[in-house]
Amino acid sequence: MECLDGESMANVEKQEKIEDERKIMKNKKKKLGGIKTMPFIFATEICDKFATTGFHANMITYLTQELNMPLVKASNTLTNFSGTASFTPLFGALMADSFAGRYWIIVAGSILYELGLINITISAIRPSLHRPPCPTKKNCKEASASQLWVLYLSLILTSLGTGGIRPCVVTFAADQINMTKSSVAARSWNFFNWYYFSMGMATLTALTFVVYIQENVGWGWGLGVPTIAMALSILAFLVGSPLYNRVKPVGSPFVRLAQVIVAAVKKRKEVVPADPALLYENKELDAAISLNGRLLHTNQFKWFDKAAVVTYSDAIDSKLPNLWRLATVHRVEELKSIVRMFPIWAAGILLIASSSHQHSFTIQQARTMDRHLSHSFQIPPATMSIFGTITMLIGLVLYERLFVPFARRFTGNPSGITYLQRMGVGFVVNILATLVASFVEIKRKAVAANHNLLDDPQAIIPISVFWLVPQFCLHGVVEVFMSVGHLEFLYDQSPESMRSTAAALYWVAISMGNYAGTLIVSLVHQYSGKNSNWLPDWNLNRGKLEYYYWLVSGIQVINLIYYVICSWLYTYKPLEEASEICKEEAEELAGDKIPSMILDSRNGHGEVELARNETA
């Protein structure tokens, strides 16, 4: 150490200080987080999922039976609010990543959701807040404006609450365990598979228990049980508070993306050096947004590299760089990662649009079919969704225990197949599910015609409701491949400082898909004719629901072709994990410095230095 000059000694001491801080952070992380937090977080999410499923699963029945809404209006109302509930996570994620942190956004969102459930439970109990029954479905008086506003207030509160819960819970859970690629590859289980499995169990319970109460006991208890479950979820989450590893927010990710774009525009006339090592890097500046690893330079979208070009005016500045003029390679690659993800993410929008209304229509189909399991017991229409949920639960176990080890032998991929391939399978199966649904509808109406029941919308057609099971099972398979793969893709390929925002993008795709689905249904309903409307308001037997299914199947085929092209051209983000960075820094301290362009603001001179291999 005596051979080193003062500046070198200062650099060595600086590196040692960084290493000590990193060790302190690692020891702190070992004490907080870990598997011990999973029971509290999963209990929170299970109760939340139970509540949300119990609330939404049978709402089409509540709107059409209790508020006397026409079918298309009721379906559009639910789909629009579902779209809103899937869009609000973007705002919740931005607040979590920018300043509030995931913990407090989850707490605030849960409280808002609970208030919405309390409101609609009270409206179901008080007779003045809903309409008397109209069993004939002829000349029914719809709910008044005041009754609808009570409903809308509940849906608005739950939508806002969802904005805090959905983007943060899964990422908050992932914060508690090591999600680096090396750790994920070493584990025998997939976090996202088990997350979805837990949610599936909660959904299954709600679809059987809560829906049965709604159909056979009453809507007061039917909505009261989810309200109680949501209160329990808040309690479970708060109890585990002392154990959680809370990742600090590091500022708005959108501001950082904007800074890169502005810097690139300002330097649009600059020439990007042929050697990427000459672009600006600053490990200290990026430390808070690259805890798990640093993004490496890629040759895609090279125009954005202009933001990392160090000019003379940048070099003479002795202060920290003006981030609206100069961005690090890591920050440029954050923007590139988001741009690369968008085409793949967008493919999920039309998939959601094609299936957004199928749940509502299928419940109405089931209501006209023979649902008896015995002379005294029949399945509630909304409970038919359990077949999709059961298929998803079984599929997740088979996928992880059988398919992944089998596929790994051929691909060498620790996950068996990539998440892009996994999503592709989901797209194909979803097309098949929609086609099967169309053939079942043709069969249902043929039986109704044979028994002269086409003009009686309240009649029970002598065809078993179990004809609907194949399409539900296929949708369960879609969940196993598409939904899990999509969420895993967004989490893994997004910059680590934007993971809540990436999870929000998952829900934003659902939101936009729901709005697109509403547009498709509204256009079909408006322009498919009055006498033979594809989607009639009151009598589905006289509709052409199978035509609607064929239309969305065609849309999905076009979307699949688009997805295959995008996935074929996709480039995965290159990441240098923290362990590799530590090794690199150790080599630098030993004297084997890797060339890199740095703006040296640490020595006070603000000079641009090109660090090269040096020998003592």
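From the backbone N, Cα and C atoms, a Cβ is placed for every residue, glycine too.
Where the annotation comes from TrEMBL, it is an automatic prediction and has not been curated.
Among the features that TrEMBL reports, transmembrane segment is placed at 103-129 (among others).
Residues or ranges marked as transmembrane segment in TrEMBL: 149-173 (among others).
Proximity of distant same-chain residues to the transmembrane segment (194-213), defined by a Cβ-Cβ separation under 8 Å and at least 6 residues beyond the stretch ends, is recorded for 42, 45-51, 53-54, 57-58, 170, 173, 221-222, 225-226, 380, 382-383, 385-386, 389-390, 392-393, 396-397, 479, 483-484. Annotated transmembrane segment per TrEMBL: 194-213 (among others), in sequence order.
The transmembrane segment feature in TrEMBL is assigned to 219-239 (among others). Residues 40-41, 43-48, 50-52, 54-55, 58, 62, 66, 106-107, 110-111, 113-114, 117-118, 120-121, 124-125, 206, 209-211, 213 of the same chain, all 6+ positions outside the transmembrane segment (219-239), place their C-beta atoms under 8 angstroms from a C-beta of that stretch.
Residues or ranges marked as transmembrane segment in TrEMBL: 377-399 (among others).
Summarising the annotation, TrEMBL assigns transmembrane segment to 419-440 (among others). Beyond its flanks by at least six residues, the transmembrane segment (419-440) meets 344, 347-348, 351, 354-355, 358, 362, 365, 467-468, 470-471, 474-475, 477-486, 488-489, 492, 545-546, 549-550, 552-553, 556-557, 559-560, 563-564, 567, 570 of its own chain at Cβ-Cβ distances under 8 Å.
Under the heading transmembrane segment, TrEMBL lists 460-482 (among others).
The transmembrane segment annotation in TrEMBL covers 503-527 (among others).
Here the transmembrane segment (547-570) has long-range neighbours at 340, 343-344, 347, 350-351, 353-355, 420-421, 423-424, 427-428, 430-431, 434-435, 437-438, 441, 520-521, 524, 528, 534-535, meaning same-chain residues at least 6 beyond its ends whose C-beta is under 8 angstroms from one of its own. What TrEMBL lists as transmembrane segment is 547-570 (among others).
Cβ atoms under 8 Å from those of the transmembrane segment (503-527) belong to residues 72, 75-76, 79-80, 82-87, 89-90, 92-94, 162, 166-168, 170-171, 341, 345-346, 348-357, 486-487, 490-491, 494, 533-535, 548, 551-552, 555 of the same chain, restricted to positions at least 6 beyond its ends. When Cβ distances are compared across the two stretches, the transmembrane segment (149-173) makes no contact with the transmembrane segment (377-399), since fewer than 3 pairs at least 6 residues apart fall below 8 angstroms.
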